[in-house]
């Protein structure tokens, strides 16, 4: 074999027929390509799209298949494009898509922060905000800026029967709001407002909807805020417009991707702008960085479970605070916003070396789906009262 290669100068690996970085070898008088990860085929010519890498190329949801290609799908209100990866608007007001003008400043800012985590050829973008508090629930955005009408269109504010607001929430469809379970321990929600910016004024964009049912996660643990998530079923459908829109929920793969260390999320709410300060009159937002579980656990003596994640900066004066509880940590990814976290607890507000702790929403998508579908179905078959 060696004689043939050198005498005829016919070494088949000299021109390297292997594609995509494959290594050419000769075994038993045959050319063999040793392929790098994600590539298969005789000459490594076929890319295996898998969800763990860049979400499988999918713009929204990715599901691994037995075949070489991951399967892409879209959230409600979208349809899969011809390329099988992108998602196109199908509904007038699909989830996670901001409709007001002049919003690119916010999205581009987050996109630039997260660009090192995306594939430039796919134009991947992400964005976000965060918060922090003292072993207590969160109440206010520290170090943030005003979230003008339509820029946080899924934001809900929860009120009691005495017309006092006490927690935030996120609109996930026309009848349901996601919030934190701890918000409902000592306070009963009477109604929510959406499309709100100045909570002291009744704005033309604002809707006030009574709460019909409360569904706290069955395994919520008061002592350590584990499973700190709840659902509010509204008495009627919210009317969507450019100021009132639902936010998309992630699936498991997308949830894992968008809560990796270094990702940027947007936190919003009417909480305090400084520790022990009064709540904000205007809706505020702040961008916060997701922190590794190891760093987060080292920052506190309390238990950080797999149902939680942390965000913040540790040194910068940016955080959520008392009053923001139940509100969203949203991440912008490929033209769409997703609810990745629910503001849960923290130690102080924007204290050095401390971070805000959030409920990991991706762990509860199945529970949310089962609960909302069961309640909605039961409501549909209940005879109307005369």
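Just so it is clear, glycine is given a Cβ too, placed from its N, Cα and C backbone atoms.
What TrEMBL records for this protein:
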type	residues	note
DOMAIN	9-45	domain 'EGF-like'
DISULFID	35-44	disulfide bond
DOMAIN	141-373	domain 'Peptidase S1'
ACT_SITE	182	active site, charge relay system
ACT_SITE	228	active site, charge relay system
ACT_SITE	325	active site, charge relay system
Next item on the list: Going by DSSP, give the three-state secondary structure for residue 44 (disulfide bond).
Entry: coil
Next item on the list: According to DSSP, folded down to helix, strand and coil, what is residue 228 (active site, charge relay system)?
Entry: coil
Check: Once the chains shown are all counted, how many other Cβ atoms turn up within 10 Å of the Cβ of residue 325 (active site, charge relay system)?
Finding: 31
Checklist line | Sparsest-packed of the listed recorded positions (44, 182) - C-beta count within 10 angstroms | finding: 44
